[in-house]
Amino acid sequence: MVKQLTDAFARKFYYLRLSITDVCNFRCTYCLPDGYKPRGHHSFLTLPEIRLVGRAFADLGTEKIRLTGGEPTMRRDFTDIISVIRENKLIKTLAVTTNGYRMERDIAKWKEAGLTAVNVSMDSLDPRQFHAITGQDKFFQVMRGIDAAFAVGFSKVKVNVVLMKNVNDISLSAFLHWIKDRPIQLRFIELMETGDGGEMFRQYHISGEIIRERLLLDGWHLLQRSRSDGPAQVFSHPDYQGEVGLIMPYEKNFCQSCNRLRVSSIGHLHLCLFGEQGIPLRDLLASEKQLDDLKLRIQDGLRHKRETHFLHQGDSGITPNLSVIGG
């Protein structure tokens, strides 16, 4: 039995972000403004390979898996992927990050298959601005998808907003009004510099500190984080059903509480969103007989995890855009 995943800085890893495709049907300005373009001839992880990845990480103490992309729900076998991961009772939380365009139609069957949490990208509450940011006129469809999630029994929906200067930072009041009577955790994510997005970053990056100051002045309180939570600082207010999260990767000590690893859609273990090439796992995903070797490679790979990212130096590693490793 391999012990709980722990790195050289005594950080324990309970959370896996598993990308299952690079393909996305949206053209978000900060990620894929020119649309999805295949990189090389790699095939994405198969259902049996995904099952084995899930088993290995569960045996190593992982409690939470988040399915990412690209747009993960574009896979035809997406519901089956949920089912095979949920076969493993050690995985307590199975989440998805989605652009939401298929939620209205499919959220009920995803929940039935075992999905326990959902994050939806929603960078604007204005339909025209939403269209301009995403390249898709699907604002109302995504909104109906969020309503559908509540209708089938999700008690909370997380909504991701990539914070952009003079685009949506000026809409904080509208966002707060939206969550006043809805159990939505609204998560403002600082725009991060990637290989393809340097100019976008310089033009639109703004610190989440501005929102944090406003929240604290208005009586919001910081909540305690659990060991499998993501990196958001989450705030609550007695007058609001919803919550506000801030993800601020440029803040000092952001990496100190890192609890998550990433596996890309082609089967590489990435120790950091902004790390290097990744550690190949796919040669150990052909058979369950390789499970012990797979776990040992994952464990051994953690020796190379750095204490922090180097975004402050403008080093985004090999990440050309966030669809490649899964944000």
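Placement of Cβ uses the backbone N, Cα and C atoms for every residue, glycine included.
From a predicted model like this one, the values you see are computed outputs, not experimental measurements.
Look at Swiss-Prot and you will find Arg17, Arg66, Thr97, Lys158, Arg260, Leu261, Arg262 tagged as GTP binding site. Residue environment of Arg17 (GTP binding site) contains 22 other Cβ atoms, counted within 10 Å of its Cβ in all protein chains.
When secondary structure is read from DSSP and collapsed to three states, Cys31 ([4Fe-4S] cluster 1 binding site) falls in the coil class. Among the features that Swiss-Prot reports, [4Fe-4S] cluster 1 binding site is placed at Cys24, Cys28, Cys31, with the record citing sequence analysis.
According to Swiss-Prot, the feature S-adenosyl-L-methionine binding site maps to Tyr30, Gly70, Ser121, Met192, an assignment based on sequence analysis. Around Met192 (S-adenosyl-L-methionine binding site), a 10 Å sphere centred on its CB holds 21 further CB atoms from the protein chains shown.
Annotation comment: Swiss-Prot describes Cys255, Cys258, Cys272 as [4Fe-4S] cluster 2 binding site, evidence class sequence analysis.
For 8-232, the entry in Swiss-Prot reads domain 'Radical SAM core'. For the domain 'Radical SAM core' (8-232), the model's pLDDT averages out at 94.
Among the binding-site residues Cys24, Leu261, the residue whose Cβ has the fewest other Cβ atoms within 10 Å is Cys24.
Sequence-distant neighbours of Lys158 (GTP binding site) (same chain, six or more apart, CB under 8 Å from its CB) are Ala117, Val118, Asn119, Val120, Ile184, Gln185, Arg187, Gly245, listed in sequence order. Geometry remark: Cys24 ([4Fe-4S] cluster 1 binding site) versus Gly70 (S-adenosyl-L-methionine binding site), CA distance 5 Å. Put simply, Gly70 is the one of the binding-site residues Tyr30, Cys31, Gly70, Met192 whose Cα lies nearest to the Cα of Arg262 (GTP binding site). According to DSSP, Thr97 (GTP binding site) is assigned to a strand segment.
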